[in-house]
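The following features are taken from TrEMBL:
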- 101-134: repeat 'TPR' (REPEAT)
- 225-245: region 'Disordered' (REGION)
- 226-245: compositional bias 'Polar residues' (COMPBIAS)
- 299-335: region 'Disordered' (REGION)
- 315-335: compositional bias 'Polar residues' (COMPBIAS)
- 493-526: repeat 'TPR' (REPEAT)
- 527-560: repeat 'TPR' (REPEAT)
- 561-594: repeat 'TPR' (REPEAT)
- 663-696: repeat 'TPR' (REPEAT)
Amino acid sequence: MEALMVDRVHGSLRLFMHRNAVFLCERLCAQFPAETNVQLLATCYLHNNQPYAAYHILKGKKLPESRYLFAMSCFRMNLLREAEEALSPVNEPNIEVPSGATGHYLLGVIYRYTGRVEAAAEQFVQALTLDPLLWAAYEELCILGVAEDANECFSEATALRLQQELTSTSNVEKSNFVNENRFLSSNVSASFGDSPKQIKQLHANTTAEVSGYPHVKSTALHMQNGAPSNLSQFDTPSPTSTQPSGIAPPPLFRNMHAYQNTAGGNAPSKPKVNAPNLTLRRKYIDEAGLKKVSGRLFNQSSDSVPRRSARLSRDTTINSNSNISQFGGNGTDHSSGNRYHVVDEMWTDNVTSTSSSTSIVDGRYPEQEKSERVLSQDSKLAIGIRELMALLQTLGEGYRLSCLFKCQEALEVYRKLPEAQFNTGWVLCQVGKTYFELVNYLEADHFFELAHRLSPCTLEGMDIYSTVLYHLNEEMRLSYLAQDLVSIDRLSPQAWCAVGNCFALRKDHETALKNFQRAVQLDSRVAYAHTLCGHEYSALEDYENSIKLYRSALQVDERHYNAWYGLGVVYLRQEKFEFAEHHFRRAFQINPCSSVLMCYLGMALHALKRNEEALEMMEKAIFADKKNPLPKYQKALILLGLQKYPDALDELERLKEIAPHESSMYALMGKIYKQLNILDKAVFCFGIALDLKPPAADVAIIKSAMEKVHLPDELMDDDDDDDEI
């Protein structure tokens, strides 16, 4: 009963019948309250999204598997301290982490979320050491920014070690399987006078070695000591028309006794069955069915059962004839010699039909064939492992470089992927993110759109895609994306981030904030959702809550540079320039290739009157992205503060080539011409700035500057500090 219930529970889990699995497993634990059954029940609860129930039944358990399941339950409930205690007890420092690589991975994630980066990295490295194919551990190392080169992690040495582990595991399993079969076949009774229980045990053994054919495995249908094999099929087919001789026979003998009569030259007159009408029954049947037919199979007279000497004499006759029609109840077989046709799920690929008339085929002994077959399998395994390692090297290196924000290098690596791998949702999203970090929103849009088209149900990265559409002012497409994501999974944070970006694009910051808060509520471990909430609070000038949300994002991911940038912007607006410079520098250290971060760091340095450092940072920002107009404009502002008016005008002229319709640029040019006392050009530039429809706040400043063009410089000094265009 216990074994049957365990099997049914596993079957329900395998078929995603989680409620059924929970019900059956609760009955199992009530009847057989062993800890292994409790573990199975906890697994059912976790599959059924009931971590609290698994937590309750596993609390206090000491077996390694119970500790791992308890830790997973705690992690799902955000009880990180209890989860850590279960995996690595403080009072037992030498105890092993349960579940091997996955246990170390879970412990590493817990360390990461509690701010212990070095300890987390150690656990992820340990997990990869135990299981080189645990991609999630390498992914976490990349997110932490401490991953080693993918060529080192997925190296040839790793492939060789993995091959050795898989080969040794396979050999042990096969050895155990053969030993079990040999032991069972040696205990098979010599006659059919056994009880139905013994016959059932015999029938459960699916394979046994055929005498004289060490490389061929026969099912338990072929009895030892001359017993006829009637156990293969327990159904009696209805008589039909004679089967045409051109149809090959089924692989199993339906009636061994009939086969022996045929071998002796006396073919039975029982009609044959057409192969299309034959339904092969399962080898395993229930005990009731076995008892039902046991009388028909085993209550035969002694005369109907051939003796061992008679079987041997008939075998001699069979071996002397090369073309004897073998009758198995299902058709004819024109194979030569005493050949066993066997269906065996585990050995089908390794069985080779071999004539019994000779022990040498093509000059090779069976042992030699077996060794060559093993070598061929090992060679295929080695080739497969090397191909997989090469793929992981490319994917891993591309992901590692993108996490280090070495975007151009990452793109070059991703382009090396085969077309079939490149045109997948995950890879295309990674390429889109890389272009997003390069502030190339058009290319990012192209790859994200392609990814969404190829894999419409992939939600990872769609929050970034919605931000790309936000920056491109694609209101209609952004609205369609948001509705599509909500229809796919309304409980995903990515869907609500897209909805929030829709309202943010419409300047409805309060509604946008509610949607971003909904995303945080659905998954508090999505750092980007916290950051988007912070942006909306900042737009509403609620800087206190904005700072809280940015810090929450950093608690989830310390390397989330967007949150560091957001804090810097808040402190810059509050004129806390030292704090702003600190946070911008932290963001710049994480992403040293961002032109935007360089520019804002330069702005903070300029506010601190460190103009030379500010100019140097602006030069770096311009060099990093020549199409970004912001650093050019800020450089002109710094040059204006240093009273280097011609240099400032030259920079603005270069900016005009990139952004010819920027009103703030013409307003700044008008201000410089006023300082140079070129009043007509100053008025002309102020007029163009007004014609370009600047924001309402800038309109008043530009008009005020335009009205004061003809005033003396002494009267302008007080206004210059207040009016920044």
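Each residue, glycine too, has its Cβ placed from N, Cα and C.
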Checklist entry - Of the residues in the repeat 'TPR' (527-560), how many are helix, strand and coil by DSSP? => result 27 helix, 0 strand, 7 coil
Item to check | Long-range environment of the repeat 'TPR' (101-134) - Cβ separation under 8 angstroms, sequence gap at least 6 | outcome: 68, 71-72, 75, 80, 83-84, 87-88, 140-141, 144, 146, 153-154, 158, 161-162, 388, 392, 525, 555-556, 558
Next on the checklist: Given a Cβ distance threshold of under 8 angstroms, which distant residues of the chain, six or more beyond its ends, lie next to the repeat 'TPR' (493-526)?
Outcome noted: 78, 113, 459-463, 465-467, 469-470, 473, 475, 478-479, 481-482, 485-486, 532-533, 535-537, 539-540, 556
Checklist entry - Apart from its near flanks, which chain residues at least 6 from the ends of the repeat 'TPR' (561-594) lie with a Cβ under 8 angstroms of it? => result 145, 405-407, 437, 527-528, 530-531, 534-535, 538, 543, 546-547, 550-551, 553-554, 600-601, 603-605, 607-608, 624
Next on the checklist: Just to be sure I understand, if DSSP states are collapsed into helix, strand and coil, how many residues of the repeat 'TPR' (663-696) fall in each?
Outcome noted: 27 helix, 0 strand, 7 coil
Next on the checklist: Averaging the per-residue pLDDT over the repeat 'TPR' (493-526), what integer do you get?
Outcome noted: 95
Checklist outcome for this item: Taking DSSP H, G, I as helix and E, B as strand, the repeat 'TPR' (493-526) contains 27 helix, 0 strand, 7 coil
